[in-house]
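Asks: Okay, so Swiss-Prot annotates it like this:
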{"type": "ACT_SITE", "residues": "His683", "note": "active site, proton donor"}
{"type": "BINDING", "residues": "Arg16, Glu17, Trp18, Lys19, Lys110, Trp550, Glu594", "note": "5-methyltetrahydropteroyltri-L-glutamate binding site"}
{"type": "BINDING", "residues": "Ile420, Gly421, Ser422, Glu473, Asp588", "note": "L-methionine binding site"}
{"type": "BINDING", "residues": "Ile420, Gly421, Ser422, Glu473, Asp588", "note": "L-homocysteine binding site"}
{"type": "BINDING", "residues": "His630, Cys632, Glu654, Cys715", "note": "Zn(2+) binding site"}
Amino acid sequence: MVKVSNLGYPRLGEQREWKQAIEAFWAGNLEQKDLEKQLKQLRINHLKKQKEAGIDLIPVGDFSCYDHVLDLSFQFNVIPKRFDEYERNLDLYFAIARGDKDNVASSMKKWFNTNYHYIVPEWEVETKPHLQNNYLLDLYLEAREVVGDKAKPVITGPITYVSLSSGIVDFEATVQRLLPLYKQVFQDLIDAGATYIQIDEPIFVTDEGELLVDIAKSVYDFFAREVPQAHFIFQTYFESAVCLDKLSKLPVTGFGLDFIHGRAENLAAVKQGLFREKELFAGIVNGRNIWAVNLEETLALLEEIGPFVKRLTLQPSSSLLHVPVTTKYETHLDPVLKNGLSFADEKLKELELLASAFDGNKTKGYHEALSRFSALQAADFRHVALESLAEVKLERSPYKLRQALQAEKLQLPILPTTTIGSFPQSPEIRKKRLAWKRGNLSDSDYKDFIKTEIRRWIAIQEDLDLDVLVHGEFERVDMVEFFGQKLAGFTTTKLGWVQSYGSRAVKPPIIYGDVKHIQPLSLEETVYAQSLTKKPVKGMLTGPITITNWSFERDDISRSDLFNQIALAIKDEIQLLEQSGIAIIQVDEAALREGLPLRQQKQQAYLDDAVAAFKIATSSVKDETQIHTHMCYSKFDEIIDSIRALDADVISIETSRSHGDIIESFETAVYPLGIGLGVYDIHSPRIPTKEEIIVNIQRSLKCLSKEQFWVNPDCGLKTRREAETIAALEVLVSATKEVRQQLDN
């Protein structure tokens, strides 16, 4: 019989119990022993669920208190020297992730091309890796008590781990330093009864992976020689694996391949017979989107694969970390739509149905699922209606002309100060929103409350003497879901939460049909804010690429068509804002780079589509209307030509946690437009010093002119507390004024 495996399960819990427990601990409202007790119960619940769903190999080690990469750094003592004062305990673990009053947090980067963030391991001259504790063994022993020999340890492999690290001087030597530690972890697991061990090596779906194949042979020869009893699974995901003709010869029991995002290439490798002597762990249910699987199409794929492998195991294409837990609470949705959704729990059921069907037993549940899938495909809300683009202006006047007109209209000082858009959402704001959603607060009372918050924060910004203000986005849960509630073709879930970083969870909207602008999105709040001040207030919108990348997108049309549908809707809102007197409009593309394909050969087509969609949205404005955009953590040197091609008058970029690395992109490339490189890290509660911000501004001014540089935090301030926000912005404004004075002198 074919087996079913899982790569990873969501940490959050059905009701976000994980998030609530960790944040209660941070706030001092939960003792560590109680936190550990609650997290253990969550882990056990997750294990039991997967066992009951019929999963034969259940992941252990996918659960974390913050991030699985940080877990490995902590286990191997790869800890920055600045945290030496700490004992090796949970306080240190969270300090590395979040920073403290004296130390900046470690950098945070996107996990490949997802919206999950990992904590970057920092290697220094002083780093002395050793096995601080075998936490994976502890988790395995715990899991065996619940699921027996179904427990399958999961660990990020050494080559991927080092590839994701900073401060590496000698790559191969660093990998070699870790091998004895991995060996000990593996041997302890085998001694405790483990058989299969999943080693995640997703770096081998990237172009970089092609350069690491020889190192992989050395590493996995070592593992096979030193821990011969282990059944290692070399796991890849998010794309087709590179160099499979060579990797397939590694001395491992099985290979995990993604047949959703790398189907053609991986299938071709299988049909070449590369895995005839291997177990194949086939990722055939999408671990990153929420649509029910096409059972018949997938069964046909399995029948293609089957004859070419020694043994076949079915699994999701990636960890289910990237999807919500269950659809069972989404009773408000149209039944056809709800029945066409598949979150983590439903995906496990789909795998069971496929395994049974592949073994020759198409159950009643199989036929019912097939019927639900067909009903969604036939639904009348899916037409691919794309308005004609013939009348849409795609180019603006030259930047120098626009810059002069905007300078005359706005009358801003050099080094203008602003924020990215959102301000803290206090418990009171959340309480009012919840009361309104439950019908316990009238629409008018809720709007009045939002206006009160806008009025209060406009006054705070004026007191701080910021130059360009924002309304604060108090009406928004997040920068994508809010738009999903107002555009046709979107819907939102009640509990469709997904982890983004640490305890931060997002609830991506679902794009299920044709997207259209049917009502104002942010007009009322923005116009009200502008009526309270003579300073310019930015209109705040999210761009088409970010809306797509941070939504669960429909999978029945091309991404370029979807980008353009959303761009036309955003264009309509921009025109409303401009007609209402809003002189600066920010169209955030925070996730533009996040959606970049992992393979270079596929990247330019995506970037071309992204630039075209941004221009559809923004190019119809008058020359004196200033278009801003904002982008999050990224390697910008790789896409700087496309950033320039967006032709935004001002771009702000998250840079503080990269410790200046992004600035190097602009030291080697001419960037002619306005730009703000974030001068302090908003992801940490730590208040920056005036000297730090001055240094960041001065370094930026070495490669950017004072006429083009803006001063801003590196991201929105929604997750910070009010006192922290005001204190940090006071420092930002004071530092900027001092630099202005230096420039004047």
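Here the Cβ of each residue, glycine as well, is placed from N, Cα and C on the backbone.
Fair warning: this is a prediction, and the values are worked out from it, not measured in the lab.
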Asks: Measuring Cα to Cα across Arg16, Glu17, Trp18, Lys19, Lys110, Trp550, Glu594, which the record gives as the 5-methyltetrahydropteroyltri-L-glutamate binders, how far apart are the two most distant ones in Å?
Replies: 28
Asks: Using the residues the record lists for L-homocysteine (Ile420, Gly421, Ser422, Glu473, Asp588), what whole-number Å value is the largest Cα to Cα distance?
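Replies: It comes out at 13 Å between the most distant Cα atoms.
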Asks: Counting distance between Cα atoms, which of the binding-site residues Lys19, Trp550, His630 is nearest Glu473 (L-methionine binding site)?
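Replies: Minimum Cα distance from Glu473 (L-methionine binding site) across Lys19, Trp550, His630 lands on His630.
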Asks: Report the nearest neighbour of Cys715 (Zn(2+) binding site) in space among the binding-site residues Arg16, Trp18, Ile420, Ser422, comparing Cα positions.
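Replies: That would be Ile420, the closest of Arg16, Trp18, Ile420, Ser422 to Cys715 (Zn(2+) binding site).
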Asks: Can you name every residue in this chain, apart from Ile420, Gly421, Ser422, Glu473, Asp588, with its Cβ inside 8 Å of the center of the Cβ atoms of the recorded L-homocysteine site?
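Replies: Here the non-site neighbours turn out to be Thr419, Val470, Met479, Met540, Gln586, His630, Gly716, Lys718.
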Asks: Can you tell me whether DSSP puts Asp588 (L-methionine binding site) in helix, strand or coil?
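Replies: For Asp588 (L-methionine binding site) - judged by DSSP and reduced to three states - the answer is strand.
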Asks: Look up Lys19 (5-methyltetrahydropteroyltri-L-glutamate binding site) in the DSSP assignment and report helix, strand or coil.
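Replies: The three-state answer is helix.
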Asks: Find, for the listed binding-site residues Glu17, Glu473, Glu654, the residue with the lowest Cβ contact count at a 10 Å cut-off, counting only other Cβ atoms.
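Replies: Across Glu17, Glu473, Glu654, these binding-site residues, the one with fewest Cβ atoms within 10 Å is Glu17.
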Asks: Check the binding-site residues Arg16, Lys19, His630 for other C-beta atoms within 10 angstroms of each C-beta and report the one with the most.
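Replies: The residue with the densest Cβ neighbourhood is His630.
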Asks: If you count Cβ atoms within 10 Å of the Cβ of Ser422 (L-methionine binding site), leaving out that atom itself, what do you get?
Replies: 22
Asks: Tell me the Cβ neighbour count for Trp18 (5-methyltetrahydropteroyltri-L-glutamate binding site), meaning other Cβ atoms within 10 Å of its Cβ, over all protein chains shown.
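Replies: For Trp18 (5-methyltetrahydropteroyltri-L-glutamate binding site), the 10 Å Cβ neighbour count is 24.
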Asks: Spatially, which candidate from the recorded positions Arg16, Glu594, His630, Cys632, His683 is nearest to Ile420 (L-methionine binding site), comparing Cα atoms?
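Replies: Minimum Cα distance from Ile420 (L-methionine binding site) across Arg16, Glu594, His630, Cys632, His683 lands on His630.
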Asks: Where among the binding-site residues Asp588, Glu594 do you find the Cβ with the fewest other Cβ atoms within 10 Å?
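Replies: Lowest Cβ count within 10 Å among the binding-site residues (Asp588, Glu594) is Glu594.
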Asks: Using C-alpha atoms only, work out the spacing between Asp588 (L-methionine binding site) and His683 (active site, proton donor) and round it to an integer in Å.
Replies: 18
